[in-house]
Amino acid sequence: MSIIFLLPMDYISHNTTEQLILFNLPDKAILYIWKINYWTTFILTWLILPMLQEFYKSGHQKALAKLKDSIKQNIKFQLIMLGVSLLGMFYLILEVGITTSHLKMMIIALSHIYSLIIATWLMGHGLISIPRNKWISGSVIKELNYNYLKLPKLVDELEDIKITFREQVLVVVALKRNFTSDSAEDFMYRDWILKLYASIPAEIKENVERQYLHENTQVDRHQLNDSFMTKLDANFNSNLHRFIGYQSEYNNLLSAIIKLEDILNSTSTKTLSFRIDNHKTLLSPRLNFIYHYHIRPIFNRITSILLALISFIILQSEFFHSTNLSLLNTLIYSKYPNIIRFLLSSLIFSYMLFCALNSLTHLKIFNVYNLVRRDSDPVSTSWYTTYIARLTIPLSYNFITMFVSRESIFEDWFGKSIHLTGLFNLLNNWLPRLILIPVLLAMFHVYEKLKKRLGLTGYDSSWAGFDDETEGEEGSGDGGVKRNDLIIVEAKRIVNRELARREMQLLRPFQLGGTNESNPDLNYENNRRREFHDLVSNNSNRIDYDEEENIEPSSINYFNGTIITDPSAQRNNGGIWGRIGNTFSGIRNSVNKTFGRQSSVSPSVNSSTTGGYRDNSLDDFNYDDDANENLIV
């Protein structure tokens, strides 16, 4: 059972006299579910997922070698944890004595305190950043400027990782050129090299192969061994995943900026058509403008106010937890039916988890782990999964500490470990109150200010932080406003330059200097076939061409696979029903053209009036007129 239902069900059913409808389980079943959830999470986060992370991080080619390397790295990690446990064991002996039961409780308590510190920090940041970002999204201009301020820094980071990645790519290209022949001496590492070469993105590969002709990158045969290839594989894949992560973030941010620009520029015509991915829009241009310019911002502002109210309730309850001053305690113990209390508890607990997980996904640790939509690497996925699982149990116990009464199956089983010693109990009571520290840091944008005070500026300053913290927002006064204006101007230049580059790619049908430099005949053959296909596909060359049913090619603009039509033509479009009607009309016209209509129309009548093309009869052909034509040889 999901923990967002298990915890409220456990707490509500043990703190009210009424039976909880639809959500009622025996105490023994609830206890077993808690134990299964906890120990499954414990084994995943401290054993299985770290093993998987090191397995995929290893540079070895064979699975057995990867497994050995993973075990070796995890033994080092477990030895560090053992050292911390020995210190806890020494304290445990002095406090309550040592038994098998006390050892198990100590392990649970140490794991809880470690995870509670991380969970509190992440949740505190999310409680501020999520409502604030929603409020910014309530204004098209503010959201556009907010994205503008993030773009130049992201471009600098992307270019830096490209430079670092090109070094490994250059070595792989050199190995591919020199050590992938069919000879016996190249057989050992040939497949490994070709596998790395095939993983190079096309954009980087083309640039580096041109650069290779002018670089003096040489790898001697005596350097080519298992150690060299393992190190190269690990560095290559690490930089490849970082490049993919930054490239994906750049594309998403650029798409968001272009769409916001389209929304802002559509205020004069009151119709909205996006320059990119417009085919995904189901609304008509008029309704599309109303939704994105009016409805969506208002909805975001209302959502921001509601989330800010929930954040305030959670923060106040954290600071006054276990007392009657807790707003959450007052809210849950109001005179509501049990099902309403259950739903309120699930909603607030889900929001607490979401705040922590949202901050975790925006957290950058040494620029190594990146979550990419539908393309995350296994190392980053394992790391994020580890901490997502690690945060759930501490936040669950933190939730029930906000109430005066903690009576529940979870408290009876898990709480005994927390109350084992005075130190563990003290930390559990005071750590939630320290949530004000990350709240203040996030509210006043202290992260970037603190980095500058410590001298952590430039590319190396992004080793740790949240990517939803915009450096430009810290500016105050005329100096800060002017600096933000300069960043926005630079961001606009980047957007225009990228749009021009993509349009040029669409206007280049021939790739004479393409990737097949070693086989120019193949390039010529591909270009010849493409030209023939374009010639044949031209409708104006067909004998059944109808001008009324075809659109001039000059009136169609393409961008990123989307047809951009004239706004006046889009206003005449009847929305979804109009598109459906046009589809059926096109099918009907195609059928008429193919089969025609059987009618007794004179052959001299134009074919367009007969519903299909008809050849004129040879009996009606005037050979004298044909003979009078001048023959040019």
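Placement of Cβ uses the backbone N, Cα and C atoms for every residue, glycine included.
Note that the structure is predicted; figures quoted are calculated from it, not measured.
Segment annotation: TrEMBL labels transmembrane segment over residues 381-400 (candidates 1-20, 181-200, 381-400).
Spatially, the transmembrane segment (339-360) is not adjacent to the transmembrane segment (77-94); fewer than three Cβ-Cβ distances between them are under 8 Å for residues at least 6 apart in sequence. Nonlocal intrachain contacts for the transmembrane segment (36-56), taken as residues 6+ away from its ends with a CB within less than 8 angstroms of a stretch CB, comprise 3, 6, 66-67, 69-71, 73-74, 77, 81, 111, 377-379, 382-383, 385-387, 389-390, 392-393, 414. The stretches the transmembrane segment (430-447) and the transmembrane segment (77-94) are not in mutual contact, being linked by fewer than three Cβ pairs under 8 Å (pairs 6 or more apart in sequence). Long-range Cβ contacts of the transmembrane segment (77-94) within its own chain (Cβ-Cβ under 8 Å, at least 6 residues beyond either end) map to 46, 50, 102-103, 106-107, 110, 420-421, 423.
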